[in-house]
Amino acid sequence: MLNASHLLTNEALHSKKRTQTQRPKISVWFCRFGVWFRCLSVRFQKLCDNKDFVCKKSNFLPMAPWLAPIVREGTFDPTLIDAIYKKQNITIATAVFALGKYTQFLKDFLESAEQNYFVGFRVHYYVFTDLPELVPAVKLGEGRQLTVLTVASSNRWQEISLRRMERLEKLIESRLVNEADYVFSLDVDTKFYGRWGAETLGRLVGAIHPWFYKTHHDWFPYERRPESQAYIPYSEGDYYYGGAVIGGLPKDVYQLAKTCKERLDIDAAKSIEAAWQEESHLNKYFLYNKPSKLLSPEYLWDNIKSKPQEIKIIRFSQVNKNYYEVRPNP
Ligand SMILES: CC(=O)N[C@H]1[C@@H](OP(=O)(O)OP(=O)(O)OC[C@H]2O[C@@H](n3ccc(=O)[nH]c3=O)[C@H](O)[C@@H]2O)O[C@H](CO)[C@H](O)[C@@H]1O
Ligand SMILES: [Mn+2]
């Protein structure tokens with residue numbers, strides 16, 4: 001005789017059988033997952049091809065589309081390239097600005113430069129500061145010298161940063177045309193961790209910003225207001241360059257600094273300050289005056305970013321800083 005518990009058990013058994021027969025085999029699940037995954041990856045690829053946000057395998061190519069080399073580990077022979085340039089007995093002028101509390105970065109900058117930056121070459125540092133007494137006495141190698149240039153400070157960090165263009169222009173005009181073969185202007189809140197040598201020399205040199213080397217240009221933090229001289233429309237752009245590294249022949253860097261300074265002045269007269277001050281103007285300049293050589297983010301990293309696999313070596317990097325502590329204004 002069937003009782004209620006039998007009925008329940010049979011029902012349970014029946015439903016178990018049904019689910020067993022209806023559940024697809026594991027291979028079917030794999031197949032479904034494969035189709036789903038493929039759809040997703042095709043969609044993602046389309047997104048990339050549409051250049052909606054990321055793309056940029058091309059940033060890892062050894063050359064820019066206009067055939068300028070992108071310098072990175074493995075693309076040059078350090079011994080050979082240094083030997084070629086050493087025969088030319090060149091002097092590399094290096095402008096660095098340390099105003100206000102940024103003087104605290106000078107010691108590490110200079111000491112690490114002496115270990116890594118154009119070792120064995122003639123290097124002339126030009127240190128701009130409002131506090132000359134705080135320039136540390138760092139022992140310099142043979143053929144290397146340092147000149148302190150006293151300048152007035154400003155109560156805005158943005159102003160201090162952007163006025164580097166004007167000061168660079170004047171420095172090249174008044175001295176470097178006669179004193180140097182190449183010039184670099186570098187951020188001071190930085191440190192060298194690896195070799196930086198003759199492979200970085202060129203007519204006009206920019207460094208790809210470490211935060212945007214995989215970003216599509218529509219997402220670059222270019223200045224987007226047409227009223228600004230630094231304006232770059234969406235759909236234009238090739239790389240986003242960091243304001244921390246500018247280099248090249250004195251006459252080419254002079255032209256860059258002069259142009260950016262003029263455009264900064266035009267903006268200032270209209271009470272406009274570009275999104276990233278002189279860095280925005282630098283990006284505009286490089287868009288229409290392509291650098292002859294690009295430095296990969298090996299030459300401009302940021303210590304708060306961990307090193308990804310594709311970056312083989314970090315040579316020069318922004319050190320961590322407490323913005324509130326070191327800047328004169330927020
Ligand atoms: C890695 C990189 O590409 N950094 C750029 C970025 O922010 P950063 O955050 O790197 O700008 P920052 O605060 O380092 O200022 C740029 C430079 O100006 C000098 N300075 C600044 C403030 C001060 O009180 N005293 C002083 O000496 C110093 O040489 C410093 O290295 O954007 C800035 C403009 O917005 C500049 O283009 C920087 O080069
Ligand atoms: Mn900086």
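From the backbone N, Cα and C atoms, a Cβ is placed for every residue, glycine too.
All annotation found in TrEMBL is predicted automatically rather than curated by experts.
Annotated features, as they stand in TrEMBL:
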- Tyr102, Asp187, Val188, Asp189: UDP-N-acetyl-alpha-D-galactosamine binding site (BINDING)
- Asp187, Asp189: Mn(2+) binding site (BINDING)
- Glu279: active site, nucleophile (ACT_SITE)
Alpha-carbon distance [Glu279 (active site, nucleophile); Asp187 (UDP-N-acetyl-alpha-D-galactosamine binding site)] in Å: 12
Farthest-apart CA atoms of Tyr102, Asp187, Val188, Asp189, residues recorded for UDP-N-acetyl-alpha-D-galactosamine, distance in Å: 10
For the UDP-N-acetyl-alpha-D-galactosamine site built from Tyr102, Asp187, Val188, Asp189, further residues of that chain with CB within 8 A of the site's CB center: Val96, Phe97, Ala98, Phe105, Phe109, Thr190
Cβ neighbour count (within 10 Å, all chains shown) around Glu279 (active site, nucleophile): 24
Between Asp189 (UDP-N-acetyl-alpha-D-galactosamine binding site) and Glu279 (active site, nucleophile), the C-alpha gap once rounded to whole angstrom: 16
Spatial neighbours, same chain, of Val188 (UDP-N-acetyl-alpha-D-galactosamine binding site) - Cβ under 8 Å, 6+ residues apart: Val96, Phe97, Ala98, Tyr102, Phe105, Leu106, Phe109
Binding-site residues: Tyr102, Asp187 - member with fewest neighbouring CB atoms within 10 Å: Asp187
